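According to TrEMBL, the repeat 'PPR' annotation covers 124-154, 197-227, 228-262, 329-363, 466-500. Annotation source TrEMBL lists domain 'DYW' at 544-636.
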């Protein structure tokens, strides 16, 4: 029986060299080029063709350049291409361009590409575009911009100043995040009259958006002579990337009215935004439009649907979409596993991970983040550690900072701080902010002041202006009676001008989103909301509810000392949901911070009293309240 490697060699396409004329050589190069690009084992055939071409007298420049192109298409034969260039009696600009582009494919070859570029007797727009874009691509955007300026200064380069080099320079300004240089280029291309090209328009809009000037990007978009589905999709996503969801959604609606048909990338981008902004109603409308469109059959778009529904707390619909997919891909499996983890169903997340492995897919590092998160939310320490060690030992994947963050979350939630500290000290990668935040969260649960200080100090270095770290640390101090330390933290915040993020909750009802703050009485139905809460509190006390007033003094995140604990933002949103939504539908509330312990207890009582399912998504996870119980099993 031949080995697997031998079997692969037998299946590899063979190539024999038997050519005697220039025409045969051209045909042979056409056939060999894709083979060599895919497999270095065809290098001997490429060298034989080069020798055959050299034997023709006189060899034409065209044929020599074709051979150069062939030899430079793979790293294995690149030295042969360089040797051939040196032997050519009269290489032209195309000969040099081929080698400059080949050398510039990798960061290690950039210096050699630049040296060859500088030696060229003549350069055209291809030469300049290749060297400018290579510097931008390999992390030297300012050098790329200087090369473009040099091109404009050099005599005889007017022909090189066209849409190709301008687009390369704009890409460099984008990579450098230099809006000033981008504006200069914008003025230049308008003066030169090379702004009619669609690629230049797209590069301009991209530059402004990446540099934080989305309104300028929109201005460029509005002036585009031709706007196809790609340009519309890109502009919609620029708004989403800038956190301006409302404008992104409005532009998407305008796109539909303009007659441009969205493709799978448009739908996927809009659905991702619906997930990020928890806009399930709009997501369902997009789903309906997708169902009528052939783009809705794309696995890419369907995976985005699964992700959107799971992020909006509707795993039932997410699973119906997933199960209807003809051939789920890695992204859709990941969305399902992570969705179950976030929605308080860790057993289902692990079950689907097992199904995923049995289906023949090879997991990547992202899937494991979802699995480890499920273990952390369920307190499955042994299972989580087993999965963590299998990542490298069984699948050969290097652990990422996110993998470590999940395991530290798992260990610190369960109070196993010695193991967590040991793992952090032995990590193979640098801890990220999510790891330190996980450790700090575990310290909050178990009142571990020593490690809380360690985690907080690390977070102060990474993101010194984030108020959540200061607030959580102050709450930990307050929970153990260290009120001098609490005051010290508050003074530091005041001296640095750091203010606490106000807690807010929101709910979709009717055709709008209703937002509530703690003690909020600005809502038109505030009187009715407060009256309902008072009635509910009477019934709750009859059933044994006792308020945990500790949360009035030092709330988990940001509502400490904020009026009465009975009117936290999530309670107001839940009460409004009871009033404003049909009695048979789940009440879905979203909160920007972590739900406090007393609110968690209160909503469990309310779910039983009103006989409604109440779903609350806080900054950490989903809580599905039903019949007086929560999906998190009080472990969050």
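Including glycine, each Cβ sits where the backbone N, Cα and C put it.
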Query: Counting by DSSP, what is the helix, strand and coil composition of the repeat 'PPR' (228-262)?
result: 26 helix, 0 strand, 9 coil
Long-range Cβ neighbours of the repeat 'PPR' (124-154) (under 8 Å; 6 or more residues past either end): 93-94, 96-97, 100-101, 104, 107, 110, 113-114, 117, 160-162, 164-165, 167-169, 171-176, 178, 181, 185, 188
Message: Give the mean pLDDT for the repeat 'PPR' (124-154) on the 0 to 100 scale.
response: 91
Message: Looking only at the repeat 'PPR' (124-154), how are its residues distributed among DSSP helix, strand and coil?
response: 26 helix, 0 strand, 5 coil
- request: With DSSP as the reference, give the number of residues of the domain 'DYW' (544-636) in helix, strand and coil.
  value: 33 helix, 16 strand, 44 coil
Message: Looking only at the repeat 'PPR' (329-363), how are its residues distributed among DSSP helix, strand and coil?
response: 26 helix, 0 strand, 9 coil
